[in-house]
Structure formats: structure tokens, C-alpha cells
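Peer 1: Encoded as C-alpha cells, here's the structure I'll be asking about.
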Amino acid sequence: MAASLPSSSSHRTAAVAAFLLTAMMAAAPAAVALLHDDVEPMWGEDHISFHTGGDGVETLALCLDKDHGSGFRSKGSYIFARYDIDLKLVANDSAGTVTTVYLTPDLVPPEDHDEIDMEFLGNVSGEPYTLHTNIFVNGAGNREQQFRLWFDPANDFHTYSVEWNPKHIIMFIDGTPIRAYKNEPSRGVPFPTLRRLRLDGSLWNADDWATQGGRVKTDWTQAPFHAYYRNFRVTPCTPPPGMASCADAPPESLAWFDKGLDAAALRKARAEHLLYDYCEDRNRLKDSGLPKECAAQ
């Protein structure tokens, strides 16, 4: 016996059901990754808290008071990746405080330590923050560059990023490149290639050097101080065609990684916001000479 055809009322009922299902799916909030799934306290756990806003996005708050500060780290470590995190810095009088985002390996001997630093140096109310950057390779740092931020980083969240691939280390603020450190193996430039790195964040007191060379101290009557982190993302490095990983990329393929660098935007940001570059500090380098990477940039 042949199946009977559905009536027009059945068609209308099915159409209404499909419409309601579509509307419900559209109205349902997208799943949001929770920050506490990706990071863990590293020190000062009693000064760390997580909060979820109405948008479903989880925020981590670090606290600093006269007793101690606090810090966290990513649960995963990576070799060659882009790391992005949104950060809102300490508001009002932040002098003496340092808020950080940096990449570092698990415990290794000092001579094997690599680190990529973005440190935000607090200031007295009304004065701009300074971003202090540094790069350590095989235990050696002293590659400082400093930038004057062109916005109030305590007023809202901004995205701070490090792209680390076999060709460059590039630091970004809201997608604008501010610093690029090149891998130049033919010149003997030190470059981190061997160790997996985690993203760490911290808030601590450094009033012996952080603000105006240590002349301005932390005003503890303003404590507790808070910095806020959210939206941590890691994007693994995309290897050249035909290669399994970026770590396998030979020197002749390094041009593949240039696509992530807007050289004109980098020059403009540095011309407008660079405060200090160790490569240009002739007094500091008069005895040791120009580092190899300075000649390569």
C-alpha cells in the first residue's frame, strides 16, 4: 500500500518547528573556552581569582598587596606558535608595580634558559605606562627595548601577542607589530629553537627599578592592585608546504614566515613609540661592541 501524502497542515507544522529550532540555535550563546581550563596558578594562589561576565568570557584577576603578588602559567607548552592574550593593567597610581606577559620554558639550567618578555611598568596617576621588552637566549638577555604606550591600558582590555617562528620573534599590540627579532644563523645570532615555551603572567612589586629608575616607590595606601587577563589563544605555527612542522624548516625556507610581518607598520610604530633600544646605546656597548643581532636588524 502506498504511503499517503502529508497534508498542507503537516507542512505548516513542520515549517514552524524548523523555524523555532533555527531561532533557538541562533539565540543560543556560542560555547566559550574557560580560561581556567588553559592556565593554572604558579605562585600567590590566594591572590588569584576567576570571574565570568555576562558574555560568558572568563577573566583572571591577579592581585598585589604589601604581602605579595601573584602569577599564573599556561598548562600547555609549545615550540613555534603565536600567543595572544587580552590584558587590562593596574589602574590609577600603579607606580612601582610590574604586570607581565612572557614566554618561558619549564625548569632548565640557567645556561639553557630562553625567555620572551613583555613587562608593563606602572606609573603615577596620569602618566603613561612603559612597555619593557627583553629576549633571553641560552641564559643571556640584555636585549631591552622600551615603548611608550599610546593609549590607557588600564581603561579597557587590549590584545598583546608574541609570534614565534623559525624566522622571527614578533611582538604585537592590538595587531600592530612593535618589535621583531630575527633569526640570522649565518651571522651567529642567538635564537630560541630548542625548548618548548609556556605563557606566564604575573603582577609584582619592583619599586627598586620599575618607575623612573626606582625613584618613585609603590604607594601601598593604594593597595590592593589588580590586573586582569582574558581570552588566551595559542595558534600553532603553520609549516611550509610539504613539511610536518615548523621545526623542520630548513634555512632556505625561512622566507615563508615573512608573511606574518607588516614591515611598514613595524617601522611606523617604532618611529612613534620607541623609547629605548639597546642596539643604539653606544655608552653601554662601547666595551663589548655591537651585538650580532643589532647588525642583522
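Glycine is no exception: its Cβ is also placed from the backbone N, Cα and C atoms.
According to TrEMBL, the feature active site, nucleophile maps to E115. As annotated by TrEMBL, active site, proton donor applies to E119. Annotated domain 'GH16' per TrEMBL: 1-229, in sequence order. Annotation source TrEMBL lists N-linked glycosylation site at N123. Per TrEMBL, signal peptide is recorded for 1-33.
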Peer 1: Using a Cβ-Cβ cut-off under 8 angstroms and a sequence gap of six or more, which residues of the chain neighbour the residue listed as 'active site, nucleophile'?
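Peer 2: Set apart from the residue listed as 'active site, nucleophile' by at least 6 residues yet with Cβ under 8 Å, we have Y102, L103, T104, N134, I135, F136, G141.
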Peer 1: Which residues, sitting 6 or more apart from the residue listed as 'N-linked glycosylation site' on the same chain, put a CB under 8 Å from its CB?
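Peer 2: Expected: S94, A95, Y129, T130, T211, V216.
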Peer 1: If you skip the near sequence neighbours and keep only those at least six away, which residues in the chain come within under 8 angstroms of E119 (active site, proton donor), Cβ to Cβ?
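Peer 2: Residues satisfying the criterion: V98, T99, T100, Y102, L131, H132, T133, N134.
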